[in-house]
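**Q** Copying in the features that Swiss-Prot gives for the protein in this structure:
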COMPBIAS  15-25  compositional bias 'Acidic residues'
COMPBIAS  50-60  compositional bias 'Acidic residues'
COMPBIAS  619-634  compositional bias 'Basic residues'
MOD_RES   Ser13  phosphoserine
MOD_RES   Ser67  phosphoserine
MOD_RES   Ser338  phosphoserine
MOD_RES   Ser683  phosphoserine
MOD_RES   Ser688  phosphoserine
MOD_RES   Ser689  phosphoserine
REPEAT    291-391  repeat 'MBT 2'
ZN_FING   81-116  zinc finger
Amino acid sequence: MEKPRSIEETPSSEPMEEEEDDDLELFGGYDSFRSYNSSVGSESSSYLEESSEAENEDREAGELPTSPLHLLSPGTPRSLDGSGSEPAVCEMCGIVGTREAFFSKTKRFCSVSCSRSYSSNSKKASILARLQGKPPTKKAKVLHKAAWSAKIGAFLHSQGTGQLADGTPTGQDALVLGFDWGKFLKDHSYKAAPVSCFKHVPLYDQWEDVMKGMKVEVLNSDAVLPSRVYWIASVIQTAGYRVLLRYEGFENDASHDFWCNLGTVDVHPIGWCAINSKILVPPRTIHAKFTDWKGYLMKRLVGSRTLPVDFHIKMVESMKYPFRQGMRLEVVDKSQVSRTRMAVVDTVIGGRLRLLYEDGDSDDDFWCHMWSPLIHPVGWSRRVGHGIKMSERRSDMAHHPTFRKIYCDAVPYLFKKVRAVYTEGGWFEEGMKLEAIDPLNLGNICVATVCKVLLDGYLMICVDGGPSTDGLDWFCYHASSHAIFPATFCQKNDIELTPPKGYEAQTFNWENYLEKTKSKAAPSRLFNMDCPNHGFKVGMKLEAVDLMEPRLICVATVKRVVHRLLSIHFDGWDSEYDQWVDCESPDIYPVGWCELTGYQLQPPVAAEPATPLKAKEATKKKKKQFGKKRKRIPPTKTRPLRQGSKKPLLEDDPQGARKISSEPVPGEIIAVRVKEEHLDVASPDKASSPELPVSVENIKQETDD
């Protein structure tokens, strides 16, 4: 992505391909970027300079993948993991799989459907060429679904409404059901973690170019005209993907400042309106403030910075993900963390995967990021010696749409690679002691033991003094994981260590414990203790996954920073539910990420409606729920009515559970799960609360126990 350019700069121009124009017309608002030039008043220019005409034709034909799969082109021989299997790319849809799993003798397509679609498109292209008097070509104009699906998804996330199969709202439904980050940050003077701190999010490596004082063209919401008009605004403050803007002309008057997500389609570089014949109209409030607006703007714009011309194009490109619905993989069994299970990708949102267990119910799902260490390619468990549950395909799952669309196994290089390890000169041994984040209670760092050494650097770890004696609570960590630490790590960094049962935290001593258990500590040199300059600071706000209920992403705060280790506090919840995560964890996101991707964000407090909402009943199989109930922080003021969905118990715990709590009411299924809180005096007032676009019958009501 280009750096923010000065208004005086004029980049080189070249013709725009017609195919790419058509490609972008899929988006509501993105089509306005055609023939774009970064200089004001220029007549014709291009916003893409990296592709030749021949490359674009090949890409349209499906021969040059435009997604992260560009590392592999169709027919390129390449071994996956030493097994001799060759990967292949479907020439119709772009799905990556193994050649032996592909259809036909040529192995060009993943399924009969893709083969027929390719043939049909080839015929259509040939007929069209003859009608236009063009010479015939062997290349078929086919859809490259790997690229199109990402663009369609981005469009639906920003424009659409609806829910996933598990009841999770998406698109505009998710945004309205969320809360106002801008008001929350401004009212309390909070600071958000910069986008550049999160390596797994779109444009993280270019976001430092978005700076205070930058000029943009945005939709003018203070105008009474029949058509959409725009005006120039300055960036006053940045908070993750969101920026605080002020229309030009208000100068030091902050009364009309407004927040906007830079990922939306109504924010453009300076000059976009001139190129696309859009009208610049000053806000009605200050329309009479100046008589010569043109002269005023020229003085304000000379020498200023603006967004790169390809900003939205790069944003869309960075939101393409290699995982597709129907891919099979291995994932940790949430009911027994010492083993894995086969699962199928059901949904992909912003790189987060909703997985369905092959041998489970249709609602037996698991959420994680595609870079999560909890997922692995098919065959991983057998290769490293990890336990796996042998699944038997359920007959009633054959009718589930995801299982009917299984393409192939996800190839190994789609998963995040782990650091290579060398076992010469001493390695981890069974019985060695260390400190590790408890996978069943992520707010605790416990005394732990290496129970088994697997291949490829993986270790089976158990927490000393755990309730299980048969290895059911063992958990797999890689030797390079930042969730395991050498003995005395907590003591050196003033972190409370959770000792084994029968020991007191205040009096626990590692030397005495090792002598009593006749064991030895794992050498410090075996641990990965490097610490990057991550940029996180105490008090920064972000959006974090509740790993005890990984479907939920919540408003959170960085409570403590210990080298690369972050203590995440969920706003509005007691400190006992804090979680330790690594600074490069894919389970934390910048402010505005949920809005950008269309994922629902759980607010720190629940909205309080004027009337009770009708409970929604569902007739599904009752499931046990595990874990502790969350206690709300006592409010400063009692209220006669409390409304909202409770935080669910540990039903989707990615690492299983250790204690069984009370069961839910039979036949009761939570449709929309948000944390329930009392509204405090600092919560948004009733007038500023967004109106729900969905019927109140679709929201579940619960009462306190």
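Cβ atoms here come from the backbone N, Cα and C positions, even for glycine.
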**Q** Test of understanding: give the count of other CB atoms lying within 10 angstroms of the CB of Ser338 (phosphoserine).
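**A** Taking all protein chains shown, Ser338 (phosphoserine) has 22 Cβ neighbours within 10 Å.
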**Q** When DSSP states are folded down to helix, strand and coil, where does Ser338 (phosphoserine) land?
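**A** Its secondary structure by DSSP: coil.
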**Q** What mean pLDDT does the predicted model reach across the zinc finger (81-116)?
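**A** Mean pLDDT across the zinc finger (81-116) comes out at 66.
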